[in-house]
Amino acid sequence: MTSLETYNDNVKTALIMCFLSGLSTAIGGLYVIFIKQQSHKLLGHLLSFSSGVMIYISFMDLLPESIAEIGFYNANIWFFVGIIFFAVILRFVPHDHDESGDSNHAHSHNGASIEKHSSEKKEVVDDDDDDNNGKDKKQKQQKQKQQKQQQQQKQNIAKSKNKKKSKDDYLNSVGIATAIGVSLHNFPEGVAVYLACLKGIDVGLPLMLAIAAHNIPEGMAVAAPIFSATGSKWKAFKYCLYSGLCEPVGAIIFGLIFKEYMTPYLIQSMLAAVAGIMVFMVIKELLPAAFKYVSVDESAFSNIIGMIFFFFSIHFLHSMLPHDHGGAGDGGHGHSHGGHGHSHGHGHSHGGHSHDSQHVESPQSSSFNAFA
């Protein structure tokens, strides 16, 4: 088999791996959709759990990796660029729940005022008529009282419906914002999986499995608020699917079309910006939504469980795939750096260092690289 044929096979494998990794986001959405009993309390725990996963990814994986590669100052600059960028994006996401609530309140208040004025007017007219007929006055008063009670019941029902619609609109906007953040996060992940798979399946497969593992709770974070707000399984699944498909799209756009522009510095800058996006999304969208349905203590507990889950998923995957370390693993580790587009491999940066010194650094570095 020629080198060109081998390269073409690796490209096909890389694209398939990116597609499978992206589909795991939809798996998280399916889990939420097919839970038999939906409750707001469960939604609060799911949002808190997903917040913990995203915080852990940002501060224990993406940002440390970028700091190591492009420096503390540059990584932090791009981190805050990501925050500003996502804050601007959120301005275009509908958040009309507050306005809706105020508007409904205003309409309700105006309606009540008009009704009161109309009622007073009727009473004046009735008083004039009642001078001639006292019996009719009593009957009309009773009728007016019944009409007021019926009108009040209608207002209460309308107010309840408006309140529910306001809450549903809020949850829907949270889901859309989360989908945008996850989509932006999946673009560089697709590039990472693609480049790693070009180096070989022994490098690409562990990375794909690792990214797929943390895409599942991300899918849950997208689907939970949308499904709770709309009740539409298809809409919740659709947003998860679109978010996940950003991985193969990212691989195609950045890995194939703009391959020559994807420098190590640019990739690490993108990952630092993604860390900022995810942190801001947690602070601005996920946690405030979670606090509406669970207490702060309950939210904190689920948040920490999410971090622990992600921590163990990393080590479980590394224990199941030991060939990525030691011996051939050193070579694989070097490839993994290349796969992420990093600016150095151990053979280059440590030049005269012994093979043993490379092996010592491999497990720690690869644990950071696995989810970049």
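Note that Cβ sites are derived from N, Cα and C of the backbone, with glycine treated the same way.
Over the coiled coil (133-167) the predicted model carries a mean pLDDT of 65. If you look up Swiss-Prot, you'll see 133-167 marked as coiled coil.
If you look up Swiss-Prot, you'll see 114-124 marked as compositional bias 'Basic and acidic residues'.
Per DSSP, the secondary structure of the compositional bias 'Basic residues' (137-146) breaks down as 10 helix, 0 strand, 0 coil. The compositional bias 'Basic residues' feature in Swiss-Prot is assigned to 137-146 (among others).
Feature annotation from Swiss-Prot assigns compositional bias 'Low complexity' to 147-159.
Feature annotation from Swiss-Prot assigns compositional bias 'Basic residues' to 334-352 (among others).
The region 'Disordered' annotation in Swiss-Prot covers 99-166 (among others).
The region 'Disordered' annotation in Swiss-Prot covers 328-372 (among others).
Residues annotated as transmembrane segment in Swiss-Prot, with sequence analysis given as evidence: 15-35 (among others). Residues 42, 46, 182, 186, 189-190, 193-194, 197, 204-205, 208, 211-213, 215-224, 227, 233, 236-237, 239-241, 243-248, 250-252 of the same chain lie 6 or more positions beyond the ends of the transmembrane segment (15-35) yet place their CB under 8 Å from a CB of it.
Long-range contacts of the transmembrane segment (42-62) within the same chain, counting only residues at least 6 positions beyond its ends with a Cβ under 8 Å from a Cβ of the stretch, are 32, 35, 171, 174, 178, 214, 217-218, 220-221, 224-225, 228, 271-272, 274-276, 278-279, 281-282, 286-287, 289-294, 298-307, 309-311, 368, 370-372. Taken from Swiss-Prot, the feature transmembrane segment covers 42-62 (among others).
What Swiss-Prot records for 70-90 (among others) is transmembrane segment, and it gives sequence analysis as the kind of evidence.
According to Swiss-Prot, the feature transmembrane segment maps to 170-192 (among others).
Among the features that Swiss-Prot reports, transmembrane segment is placed at 207-229 (among others), with the record citing sequence analysis.
The annotation transmembrane segment is assigned in Swiss-Prot to 237-257 (among others). Outside the transmembrane segment (237-257), and at least 6 residues removed from its termini, the chain residues within Cβ reach (under 8 Å) are 11, 14-15, 18-19, 21-26, 28-30, 33, 175-176, 179, 182-184, 186-191, 193-195, 211, 215, 218-219, 222-223, 226.
As annotated by Swiss-Prot, transmembrane segment applies to 271-291 (among others).
Per Swiss-Prot, the feature transmembrane segment maps to 301-321 (among others); the stated evidence is sequence analysis.
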